[in-house]
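Pasting a structure below so you can have a look.
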Amino acid sequence: MKIKGHEVPAFQKITAVPGMLIFGTCTVVIAKVLFQTEGRGRYGTKKHLYTKPWLQTVAMFIGMLGCLLVLEAYRLIKRKHNDALVSHSKIYYISIVPSMFDLIATSLMNIGLLWIPASIWQMLRGSMVVFSAIFSVVFLKRKLYGFHWVGVCVVVCALVLVGVACIKSDTGSFDVTHELIGIFLVVGAQVIQASQIIVEDHLLHNVKVNPLLIVGLEGLWGTIVTIGVFLPIVGNTPKSWGEGFHEDTIDSLYMMKYSGQIVGLTIAYIFAILGYNMFGMFVTNIFTAVHRTILEAVRTFCIWVVDIIIYYGISRSFGEDWNKWSFLELGGFVVLMCGMFIYNGIWKIPGFTYPSANKTEDNDETKPMLEDDESSSESDLEKHLNSSSD
């Protein structure tokens, strides 16, 4: 397979899809299982849930930071150095801005994941399409066709169905208020991530570096700021604010000390984030937007199936069950995928104007990820941001 005259490495061809699906599923499933895991903390022997969304954000950034090690290892193996990094050295400090957007968005989504099932959480992230479309027109002045807006409307309908299913399928774990807060936090986080695309587009429009460098630097800044600023802040908020808005970091460390399961899951989560970013880049190199949309749909379905298997096959303390409202969630999932397929032009609606095939292909072409540091284009970056870090 060749893309833009470059031969895609055989390793990428073979591992891209299974790697992206496996690690992409693991990131969400492990995160939810961690929040459902109990352990002893700093105040005695009584166990409580590991509801630590801010420390989970740190783990995500550490996983992203690992991309720098992967990139450096590649350079050492190939014994190559690209002077383009020097000419674009501003990336090292400019990347702190989008990393702050990522920090806030990820933390809000992690808090939301405390109170809603992993499958619902992943489906609600589809609202990213809505805000990306609006921001692309308002801020980037890009033209969207009529079928794009039809897709956006279908996605909105799907999100309503999924939200209703979440509230109605109350298992007794959380009250409706917390579930509503979780839904709004996840959707609100997509506004922030859509804003991140705009910021990246403005700051890095003339900077062409390897996407792994961008991801790694955002992981570096995110780790530093979360540990140095946000963990102390949420550690000193009133306990009455509740989980997610107050987090005792010392208690988190004690729980890790007493629970090998929590430590193991956290390490697995870090490697899952690293793997998802790596194989996500492979997928971007090889496949078009059409294929990536289908793969994201499969990933969402995999998350749901794995959660159900965990609940019925391993322990009913983890995962999620199947109940009568799951059929409504399934309907919402189908409608969501229809909206995504319409928005991406996979399903063409008669009577609507579509961009020419040549133009679409030009926009989808990319180069191999590790070919060199100038192999990434602005469109590559935007595609990666739309897929998110986890």
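Just so you know, the numbers here start at 1 and follow the chain as drawn.
In case you wondered, yes, glycine gets a Cβ from its N, Cα and C as well.
As the structure is a computational prediction, the values presented were derived from the model and not from experiment.
Features from TrEMBL:
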- 14-34: transmembrane segment (TRANSMEM)
- 54-71: transmembrane segment (TRANSMEM)
- 59-162: domain 'EamA' (DOMAIN)
- 91-116: transmembrane segment (TRANSMEM)
- 122-140: transmembrane segment (TRANSMEM)
- 147-168: transmembrane segment (TRANSMEM)
- 180-199: transmembrane segment (TRANSMEM)
- 211-234: transmembrane segment (TRANSMEM)
- 262-287: transmembrane segment (TRANSMEM)
- 294-314: transmembrane segment (TRANSMEM)
- 326-346: transmembrane segment (TRANSMEM)
- 360-370: compositional bias 'Basic and acidic residues' (COMPBIAS)
- 360-390: region 'Disordered' (REGION)
- 380-390: compositional bias 'Basic and acidic residues' (COMPBIAS)
Among 122-140, 294-314, 326-346, which stretch has the most Cβ pairs under 8 Å to the transmembrane segment (180-199)?
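Most contacts with the transmembrane segment (180-199): 122-140.
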Counting CB pairs under 8 Å, which listed stretch among 54-71, 122-140, 262-287, 294-314, 326-346 touches the transmembrane segment (211-234) the most?
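Counting Cβ pairs under 8 Å, the winner is 54-71.
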Are the transmembrane segment (54-71) and the transmembrane segment (294-314) close enough that 3 or more Cβ pairs fall under 8 Å, when only pairs 6 or more apart in sequence count?
no
Reported in the order helix, strand, coil, what are the DSSP residue counts of the domain 'EamA' (59-162)?
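Per DSSP, the residues of the domain 'EamA' (59-162) fall into 84 helix, 0 strand, 20 coil.
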